[in-house]
Ligand SMILES: [Zn+2]
(Lines of atoms letter the chains of each structure in order from A and count residues from 1; the text may use other names and numbers.)
(Lines give C-alpha, C1' and ligand atoms only; values in the text may rest on other atoms or scores of the structure.)
Protein backbone atom coordinates (compact mmCIF):
# COMPACT_ATOMS: atom_id res chain seq x y z
CA UNK A 1 0.00 0.00 0.00
CA UNK A 2 1.26 3.50 -0.78
CA UNK A 3 1.75 6.04 2.01
CA UNK A 4 1.69 9.83 2.27
CA UNK A 5 2.03 12.31 5.14
CA UNK A 6 -1.25 12.83 7.02
CA UNK A 7 -0.99 16.63 7.15
CA UNK A 8 1.43 19.47 6.45
CA UNK A 9 4.78 19.43 8.31
CA UNK A 10 6.77 22.67 8.39
CA UNK A 11 10.47 23.35 8.85
CA UNK A 12 12.52 26.53 9.12
CA UNK A 13 16.30 26.87 8.89
CA UNK A 14 19.21 28.05 6.76
CA UNK A 15 20.80 26.64 3.61
CA UNK A 16 24.17 25.02 4.36
CA UNK A 17 25.90 26.62 1.38
CA UNK A 18 23.93 29.86 0.90
CA UNK A 19 23.47 30.64 4.60
CA UNK A 20 20.06 32.10 3.59
CA UNK A 21 16.91 31.60 5.69
CA UNK A 22 14.59 29.05 4.07
CA UNK A 23 11.22 27.45 4.84
CA UNK A 24 10.25 23.94 3.77
CA UNK A 25 6.91 22.14 4.07
CA UNK A 26 6.00 18.50 3.37
CA UNK A 27 2.37 18.10 2.23
CA UNK A 28 0.15 15.11 1.40
CA UNK A 29 -0.08 13.99 -2.25
CA UNK A 30 -2.33 11.47 -4.01
CA UNK A 31 -1.36 7.87 -4.79
CA UNK A 32 0.93 7.57 -7.80
CA UNK A 33 2.22 11.15 -7.39
CA UNK A 34 5.70 10.36 -6.08
CA UNK A 35 7.87 12.99 -4.39
CA UNK A 36 7.94 16.38 -6.12
CA UNK A 37 9.69 19.55 -4.91
CA UNK A 38 7.84 22.84 -5.53
CA UNK A 39 9.68 26.19 -5.53
CA UNK A 40 7.07 28.52 -3.99
CA UNK A 41 9.29 31.54 -4.82
CA UNK A 42 9.43 30.59 -8.54
CA UNK A 43 5.75 30.50 -9.51
CA UNK A 44 5.43 27.04 -7.91
CA UNK A 45 7.84 25.46 -10.39
CA UNK A 46 7.78 21.66 -9.98
CA UNK A 47 10.99 19.63 -9.71
CA UNK A 48 10.52 15.82 -9.66
CA UNK A 49 12.67 14.03 -7.06
CA UNK A 50 14.08 11.62 -9.60
CA UNK A 51 17.54 10.37 -10.62
CA UNK A 52 17.19 11.76 -14.16
CA UNK A 53 16.76 15.29 -12.75
CA UNK A 54 20.02 15.21 -10.75
CA UNK A 55 22.81 17.55 -11.80
CA UNK A 56 26.22 16.21 -10.70
CA UNK A 57 27.65 17.93 -7.64
CA UNK A 58 30.29 16.71 -5.21
CA UNK A 59 28.95 18.48 -2.13
CA UNK A 60 25.26 17.70 -2.23
CA UNK A 61 22.48 16.36 -4.46
CA UNK A 62 20.99 19.02 -6.71
CA UNK A 63 17.75 18.56 -8.68
CA UNK A 64 17.05 20.54 -11.85
CA UNK A 65 13.71 20.55 -13.71
CA UNK A 66 15.40 21.52 -16.98
CA UNK A 67 13.45 24.79 -17.14
CA UNK A 68 15.51 26.93 -14.81
CA UNK A 69 14.30 25.72 -11.40
CA UNK A 70 16.69 23.87 -9.12
CA UNK A 71 16.77 22.73 -5.51
CA UNK A 72 19.91 21.55 -3.76
CA UNK A 73 20.85 19.49 -0.69
CA UNK A 74 17.75 17.31 -1.06
CA UNK A 75 19.40 14.15 0.30
CA UNK A 76 18.51 14.40 4.01
CA UNK A 77 14.82 15.18 3.51
CA UNK A 78 14.69 12.43 0.83
CA UNK A 79 16.26 10.00 3.32
CA UNK A 80 13.67 10.97 5.96
CA UNK A 81 10.80 10.41 3.49
CA UNK A 82 12.21 7.06 2.35
CA UNK A 83 13.09 5.96 5.88
CA UNK A 84 9.57 6.64 7.17
CA UNK A 85 7.98 4.93 4.14
CA UNK A 86 6.45 7.99 2.44
CA UNK A 87 5.88 7.37 -1.29
CA UNK A 88 3.86 10.46 -2.18
CA UNK A 89 4.45 14.06 -1.05
CA UNK A 90 4.82 17.62 -2.24
CA UNK A 91 7.89 19.28 -0.72
CA UNK A 92 7.49 23.06 -0.87
CA UNK A 93 10.63 25.15 -0.50
CA UNK A 94 10.89 28.94 -0.81
CA UNK A 95 14.48 29.07 -2.07
CA UNK A 96 17.14 27.10 -3.96
CA UNK A 97 18.39 25.06 -1.00
CA UNK A 98 16.76 22.73 1.54
CA UNK A 99 17.41 23.88 5.15
CA UNK A 100 20.30 22.00 6.77
CA UNK A 101 18.67 22.00 10.27
CA UNK A 102 21.00 19.97 12.52
CA UNK A 103 22.86 18.34 9.60
CA UNK A 104 21.03 15.04 10.03
CA UNK A 105 17.60 13.72 9.03
CA UNK A 106 16.26 13.55 12.62
CA UNK A 107 14.40 16.92 12.55
CA UNK A 108 12.67 15.89 9.29
CA UNK A 109 11.71 12.53 10.79
CA UNK A 110 10.43 14.31 13.91
CA UNK A 111 8.24 16.62 11.81
CA UNK A 112 6.93 13.72 9.70
CA UNK A 113 6.07 11.61 12.77
CA UNK A 114 4.36 14.59 14.44
CA UNK A 115 2.27 15.19 11.31
CA UNK A 116 1.54 11.46 11.03
CA UNK A 117 1.54 8.98 8.16
CA UNK A 118 -1.51 8.05 6.09
CA UNK A 119 -1.79 4.82 4.13
CA UNK A 120 -3.53 5.07 0.75
CA UNK A 121 -5.78 2.00 0.41
CA UNK A 122 -6.39 0.68 -3.06
CA UNK A 123 -3.06 1.94 -4.35
CA UNK A 124 -0.67 -1.01 -4.77
CA UNK A 125 2.97 -0.22 -4.16
CA UNK A 126 5.57 -1.11 -6.76
CA UNK A 127 9.28 -1.56 -6.17
CA UNK A 128 12.33 -1.82 -8.39
CA UNK A 129 13.97 -5.21 -8.05
CA UNK A 130 17.60 -5.39 -9.10
CA UNK A 131 18.24 -8.57 -11.14
CA UNK A 132 22.00 -8.47 -11.62
CA UNK A 133 25.01 -6.59 -10.35
CA UNK A 134 25.62 -3.05 -11.60
CA UNK A 135 28.74 -1.11 -10.56
CA UNK A 136 30.37 2.25 -11.20
CA UNK A 137 33.91 3.22 -10.22
CA UNK A 138 36.14 6.22 -10.00
CA UNK A 139 39.73 5.60 -9.02
CA UNK A 140 39.61 3.53 -5.83
CA UNK A 141 35.99 4.43 -5.08
CA UNK A 142 33.06 2.34 -6.25
CA UNK A 143 29.31 1.95 -5.76
CA UNK A 144 27.43 -1.24 -6.56
CA UNK A 145 23.87 -2.60 -6.59
CA UNK A 146 23.35 -6.37 -6.29
CA UNK A 147 20.20 -8.52 -6.11
CA UNK A 148 18.53 -8.80 -2.67
CA UNK A 149 14.95 -9.20 -1.43
CA UNK A 150 15.08 -5.97 0.62
CA UNK A 151 17.25 -2.85 0.81
CA UNK A 152 20.60 -3.40 2.48
CA UNK A 153 23.34 -0.78 2.75
CA UNK A 154 27.02 -1.59 3.17
CA UNK A 155 29.40 1.36 3.34
CA UNK A 156 33.02 1.97 4.16
CA UNK A 157 35.11 5.13 4.30
CA UNK A 158 38.76 5.86 4.96
CA UNK A 159 39.79 9.36 6.03
CA UNK A 160 43.25 10.66 6.81
CA UNK A 161 41.89 12.49 9.87
CA UNK A 162 42.27 10.13 12.85
CA UNK A 163 38.99 11.39 14.33
CA UNK A 164 37.24 9.58 11.43
CA UNK A 165 39.78 7.09 10.06
CA UNK A 166 38.48 3.85 8.60
CA UNK A 167 34.84 2.98 9.32
CA UNK A 168 32.63 0.24 7.92
CA UNK A 169 28.99 -0.62 8.57
CA UNK A 170 26.38 -2.92 7.06
CA UNK A 171 22.67 -2.54 7.78
CA UNK A 172 19.54 -4.34 6.76
CA UNK A 173 17.18 -1.40 6.15
CA UNK A 174 13.99 -3.38 6.88
CA UNK A 175 11.68 -2.53 9.77
CA UNK A 176 12.50 1.06 10.51
CA UNK A 177 16.23 0.63 10.96
CA UNK A 178 16.72 4.00 9.22
CA UNK A 179 14.93 5.62 12.18
CA UNK A 180 16.69 3.49 14.79
CA UNK A 181 20.21 3.55 13.39
CA UNK A 182 20.82 6.31 10.86
CA UNK A 183 18.52 9.33 11.05
CA UNK A 184 20.46 11.31 13.69
CA UNK A 185 23.95 11.05 12.17
CA UNK A 186 25.17 14.44 10.99
CA UNK A 187 27.09 15.73 8.01
CA UNK A 188 30.79 15.84 8.78
CA UNK A 189 33.64 17.79 7.30
CA UNK A 190 37.27 18.67 7.89
CA UNK A 191 38.17 22.04 9.34
CA UNK A 192 40.60 22.68 6.45
CA UNK A 193 37.81 22.02 3.91
CA UNK A 194 35.42 24.35 5.77
CA UNK A 195 37.93 27.20 5.58
CA UNK A 196 38.47 26.57 1.87
CA UNK A 197 34.75 26.22 1.10
CA UNK A 198 33.93 29.47 2.92
CA UNK A 199 36.68 31.28 0.97
CA UNK A 200 34.88 30.05 -2.17
CA UNK A 201 31.52 31.29 -0.91
CA UNK A 202 30.25 27.84 0.11
CA UNK A 203 29.14 26.39 3.47
CA UNK A 204 28.17 29.91 4.57
CA UNK A 205 25.40 28.44 6.73
CA UNK A 206 27.75 25.86 8.24
CA UNK A 207 28.33 25.97 11.98
CA UNK A 208 29.78 23.64 14.59
CA UNK A 209 26.14 22.81 15.42
CA UNK A 210 24.91 21.56 12.02
CA UNK A 211 28.00 19.56 11.04
CA UNK A 212 30.60 17.48 12.82
CA UNK A 213 33.84 19.35 12.16
CA UNK A 214 37.06 17.38 12.60
CA UNK A 215 40.70 18.43 12.59
CA UNK A 216 43.20 15.56 12.74
CA UNK A 217 42.29 13.54 15.82
CA UNK A 218 40.05 16.25 17.30
CA UNK A 219 36.28 16.70 17.08
CA UNK A 220 35.72 20.47 17.09
CA UNK A 221 31.91 20.36 17.40
CA UNK A 222 30.70 20.88 20.97
CA UNK A 223 29.19 17.76 22.52
CA UNK A 224 31.31 15.47 20.35
CA UNK A 225 29.82 12.60 18.38
CA UNK A 226 26.33 11.08 18.54
CA UNK A 227 27.82 7.70 17.56
CA UNK A 228 31.43 6.53 17.53
CA UNK A 229 30.96 5.75 13.82
CA UNK A 230 28.71 8.74 13.07
CA UNK A 231 30.62 9.53 9.86
CA UNK A 232 29.92 6.22 8.10
CA UNK A 233 26.34 6.26 9.40
CA UNK A 234 25.87 9.66 7.78
CA UNK A 235 27.24 8.35 4.48
CA UNK A 236 24.64 5.55 4.71
CA UNK A 237 21.93 8.15 5.43
CA UNK A 238 23.04 10.06 2.31
CA UNK A 239 22.93 6.81 0.30
CA UNK A 240 19.34 6.13 1.46
CA UNK A 241 18.36 9.66 0.33
CA UNK A 242 20.17 9.42 -3.00
CA UNK A 243 18.76 5.94 -3.72
CA UNK A 244 15.25 7.26 -2.98
CA UNK A 245 15.66 9.22 -6.22
CA UNK A 246 15.14 5.90 -8.04
CA UNK A 247 11.48 6.96 -7.69
CA UNK A 248 10.33 3.76 -5.96
CA UNK A 249 11.59 1.49 -3.17
CA UNK A 250 14.63 -0.53 -4.24
CA UNK A 251 15.02 -4.23 -3.57
CA UNK A 252 18.81 -4.41 -3.71
CA UNK A 253 22.03 -4.44 -1.75
CA UNK A 254 23.96 -1.17 -2.11
CA UNK A 255 27.71 -1.28 -1.49
CA UNK A 256 29.57 2.02 -1.29
CA UNK A 257 33.35 2.21 -0.98
CA UNK A 258 34.37 5.85 -0.48
CA UNK A 259 31.37 6.73 -2.64
CA UNK A 260 29.44 10.00 -2.61
CA UNK A 261 26.38 11.73 -4.02
CA UNK A 262 27.62 11.97 -7.61
CA UNK A 263 28.68 8.32 -7.69
CA UNK A 264 25.35 7.05 -6.31
CA UNK A 265 23.57 9.01 -9.03
CA UNK A 266 25.88 7.53 -11.70
CA UNK A 267 24.99 4.11 -10.29
CA UNK A 268 21.24 4.74 -10.74
CA UNK A 269 21.87 6.01 -14.27
CA UNK A 270 23.88 2.84 -15.02
CA UNK A 271 21.05 0.69 -13.61
CA UNK A 272 18.33 2.35 -15.69
CA UNK A 273 20.52 2.25 -18.82
CA UNK A 274 20.40 -1.58 -18.62
CA UNK A 275 16.75 -2.71 -18.89
CA UNK A 276 17.71 -6.33 -18.18
CA UNK A 277 19.28 -5.36 -14.83
CA UNK A 278 15.99 -4.56 -13.04
CA UNK A 279 12.24 -5.14 -13.12
CA UNK A 280 9.07 -3.68 -11.58
CA UNK A 281 7.40 -5.81 -8.91
CA UNK A 282 4.08 -5.18 -7.18
CA UNK A 283 4.74 -5.73 -3.50
CA UNK A 284 2.90 -8.32 -1.46
CA UNK A 285 2.25 -7.51 2.23
CA UNK A 286 5.19 -9.75 3.18
CA UNK A 287 7.49 -7.80 0.86
CA UNK A 288 6.13 -4.48 2.17
CA UNK A 289 7.09 -5.62 5.67
CA UNK A 290 10.74 -5.59 4.58
CA UNK A 291 10.75 -1.97 3.34
CA UNK A 292 12.71 0.71 5.27
CA UNK A 293 9.50 2.40 6.45
CA UNK A 294 7.76 -0.81 7.55
CA UNK A 295 6.72 -0.67 11.19
CA UNK A 296 7.35 3.09 11.49
CA UNK A 297 3.62 3.88 11.37
CA UNK A 298 2.88 1.30 14.07
CA UNK A 299 5.72 2.44 16.34
CA UNK A 300 5.47 6.22 15.73
CA UNK A 301 4.38 6.90 19.32
CA UNK A 302 7.56 5.24 20.60
CA UNK A 303 9.89 6.73 17.98
CA UNK A 304 8.70 10.33 18.28
CA UNK A 305 10.18 11.13 21.73
CA UNK A 306 13.58 9.87 20.50
CA UNK A 307 13.38 12.00 17.34
CA UNK A 308 12.41 15.06 19.45
CA UNK A 309 15.30 14.50 21.83
CA UNK A 310 17.82 14.03 19.03
CA UNK A 311 16.63 16.90 16.90
CA UNK A 312 17.31 19.48 19.62
CA UNK A 313 20.55 17.92 20.89
ZN1 LIG B 1 24.59 14.34 4.01
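From the backbone N, Cα and C atoms, a Cβ is placed for every residue, glycine too.
Because the structure is a prediction, the values reported are computed rather than measured.
Pulled from TrEMBL:
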type     : residues     : note
BINDING  : 76, 234, 238 : Zn(2+) binding site
ACT_SITE : 261          : active site, proton donor
Sorry to bug you, but what's the C-alpha spacing from the residue listed as 'active site, proton donor' to residue 238 (Zn(2+) binding site), rounded to the closest Å? 7
Please report how many Å separate the Cα atom of residue 234 (Zn(2+) binding site) from that of residue 261 (active site, proton donor), as a whole number. 12
Least buried by Cβ count (within 10 Å) of the recorded positions 76, 234, 261: 261
If the Zn(2+) site is taken as the center of the Cβ atoms of 76, 234, 238, which further residues of that chain fall within 8 Å of it by their Cβ? 75, 79, 104, 105, 185, 186, 187, 235, 237, 241
Local Cβ density at residue 238 (Zn(2+) binding site) - other Cβ atoms counted within 10 Å: 26
Rounded to the nearest Å, what's the C-alpha distance separating the residue listed as 'active site, proton donor' and residue 76 (Zn(2+) binding site)? Just drop the number here, would you? 12
